[in-house]
Amino acid sequence: MWRLKIGAKGGDETHLFTTNNYTGRQTWEFDADACSPEELAEVDEARQNFSINRSRFKISADLLWRMQFLREKKFEQKIPRVEIGDAENITYKDAKTALRRGILYFKALQAEDGHWPAENSGCLFFEAPFVICLYITGHLEKILTLEHRKELLRYMYNHQNEDGGWGIHVEGQSAMFCTVINYICLRILGVEADLDDIKGSGCARARKWILDHGGATYTPLIGKAWLSILGVYDWSGCKPIPPEVWMLPTFSPFNGGTLWIYFRDIFMGVSYLYGKKFVATPTPLILQLREELYPQPYDKILWSQARNQCAKEDLYYPQSFLQEMFWKCVHILSENILNRWPCNKLIRQKALRTTMELLHYQDEASRYFTGGCVPKPFHMLACWVEDPDGDYFKKHLARVPDYIWIGEDGLKIQSFGSQLWDTAFSLQVMLAYQDVDDDDDEIRSTLIKGYSFLNKSQLTQNPPGDHRKMLKDIAKGGWTFSDQDQGWPVSDCTAESLECCLVFGSMPSELIGEKMDVERLYDAVNLLLYFQSKNGGITVWEAARGRTWLEWLSPVEFMEDTIVEHEYVECTGSAIVALARFLKEFPEHRREEVEKFIKNAVKYIESFQMPDGSWYGNWGVCFMYGTFFAVRGLVAAGKTYQNCEPIRKAVQFILETQNVEGGWGESYLSCPNKKYTLLEGNRTNVVNTGQALMVLIMGGQMERDPLPVHRAAKVLINSQLDNGDFPQEEIMGVFKMNVMVHYATYRNIFTLWALTYYTKALRVPLC
């Protein structure tokens, strides 16, 4: 029986270290004797239901840990479901009852350290690199036990498409990148190449898909790097990734410090392996894979021609003639000059040393999380190549369990955890509910624990040493996406957490306990002000430094805007909300700067509105998500339906897209297509519906014509399950426009948040 453990050390404690006693850490352990027959039957039923319905519902409901927590807390929903007939007849009591049912359920899912656990996954290129890395280093069976491997195979099979391939994400059409690396993953896990049946391996169908689409030479760059590392592709067939970039002066636009932090972290590990032309020691399996992945003999492949090949299914960001010429020039420089005597001795070796110095610094500063699950195995392998028995590699191994998540669909690798992000929003919901029912002491302990988690998770220092020289920006005052140990501050995580802390700070100490020191609130404000660009928008991880024209040269084929840091509407909206509240609570602290920030941020948001009244969402699906954060920011800045044309246009967009049921449902295709796209059959999604409902209420729709709001509320109330949960529907997160991410708690957060708005709106006429 798999169990989620919170805040546990576990594993190799010698090579595991923390900044705050592992607050927020999530790891899974298997104990065959830790369950009753009834519990095991419940888990098996959840697994079977997912497999049976996987063609219809492609993402998990994240049930295993939820069932565990509900059992441990002896949760029982005692409030009957509310069923709404006529939307116009919803009463305050109906709304509050549905809200209370959901709050009591959601409260039971809080961990003892104050955070809300959840999976943050869904990308199908997250798992295989870990398996490949552990296979090459000889640690596969040490890190991934038999039970781990069983669950990983379950996940692979559950998310294989009918045509035999795997998509970039669990709802996506088959793509070469994920089909190739997941095929390799199956083979490493012991699945025979020709074994194939509906319930079996799927290897033969995957191989057929690969060969029918031209073979593995059509894999995108990141996939080609992994194939080259494994020895089933040749480095000469890759676009160059020279380590010399880390030696360029700071005034160079190509200096590594100007890169987007996540791409920089990936590029750092890959460039070391590329610079050394590292190739794994051939094994019988590797030799077999060379024959299985290509329609032609391996020794007949023209690697120089394969360099720019990419399957049309993967090619989201087409490579222009300018790009091809640029990378051809870089290849000539890298291979014909820097990789030959005497430059290979004078420059390349120094570049490799510089790269590893930077890589070790980044790893130490993130407690060996690195930037996420994509750079992590590259960094881990680079450390092993440098010293197979060294502490750097062992420290990486110790953090692998932090990336593993177990759901009813199997074992998946997380981005790196969304503990802080989910918790900040969950606390927004709980605080809003407290405002609805301030006599309810049932959630007091929930609020206290949540506030404690935020307090313990804030970054209180900048990265160590000369962090600028080591390509790290400031961090003090920020909150991360996951936990404090990961160490990367994120602007909207900081804003949402600051907003919560400001609300907590306004509450009586006898209710909430010891309050956060005001200087730490100032630190958070300082960081948000620092993240604002000249155009008024807010970046995500670091201040914008890179030239945007560098995106024209991007070698990444399946994502967009990956080279330099950009500003985002959602981050900007969250920052306005937090700073507007801060201005009310602390009107004398950097007042002019905060007011200027809000003024410029409002202009930025207004300037990015689409002609139809919506805003494109960069981190969620998509126009509903972006519009919610944009309107929320504008309203916090004092804008209303009456005095703000963008809000009027946004409300009109929401009204025009409401379906006959009364809800909203947006397809993930809106993200890559950059055009509002309905779900098939114009069906409803409760997350989109919650976001849209809040936009309408913030836009004053209840005062003009409340019926659209009542209809939306009816959808949410009637969707609620017997235990107070809401149904898991389509995937709702996105990364760089084309990679979808699963946020399992969104179905609780945005529905309950919307019901707090609605319940308060119904209460107003009674006051």
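Glycine too: its Cβ is placed from the backbone N, Cα and C atoms.
Cβ environment of ASP492 (active site, proton donor): ILE538, VAL540, TYR568, GLU570, CYS571, SER574, ALA575, TRP619 lie under 8 Å away, each six or more residues apart in the same chain. Residues or ranges marked as active site, proton donor by Swiss-Prot on the basis of similarity to another entry: ASP492.
Same-chain residues lying 6+ beyond the ends of the repeat 'PFTB 1' (149-190) with a Cβ under 8 Å from its Cβ atoms: 2, 47, 50-51, 54-55, 58-59, 122-125, 127-129, 131-132, 135, 140, 199, 201-210, 213-214, 216, 218-220, 222-223, 226-227, 230, 232, 285, 288-289, 292-293, 310-311, 313-314, 406, 409-412, 558, 668, 730-731, 738-742. Among the features that Swiss-Prot reports, repeat 'PFTB 1' is placed at 149-190.
For the repeat 'PFTB 2' (598-638), the residues of the chain that approach it from at least six positions outside its boundaries are 492, 532, 535-538, 567-570, 572-577, 579-581, 583, 644, 646-647, 649-654, 656, 664, 666-668, 670-671, 674, 676, 688, 691-692, 694-695, 698-699, 730-735, 737, 740, 743, 746, judged by C-beta separation under 8 angstroms. Annotated repeat 'PFTB 2' per Swiss-Prot: 598-638, in sequence order.
Averaged over the repeat 'PFTB 3' (647-688), the predicted model reaches a pLDDT of 98. Per Swiss-Prot, repeat 'PFTB 3' is recorded for 647-688.
When secondary structure is read from DSSP and collapsed to three states, ASP492 (active site, proton donor) falls in the helix class. Within the repeat 'PFTB 3' (647-688), the DSSP-based counts of helix, strand and coil residues read 21 helix, 2 strand, 19 coil. Here the repeat 'PFTB 3' (647-688) has long-range neighbours at 87, 169, 171, 316, 609, 612-617, 621-625, 627, 630-631, 634-635, 639-641, 695-696, 698-701, 708, 711-712, 714-716, 719, 726-727, 729-732, 734, 737-738, 740, 746-747, 750-751, meaning same-chain residues at least 6 beyond its ends whose C-beta is under 8 angstroms from one of its own. Counted with DSSP, the repeat 'PFTB 2' (598-638) comes out as 24 helix, 1 strand, 16 coil.
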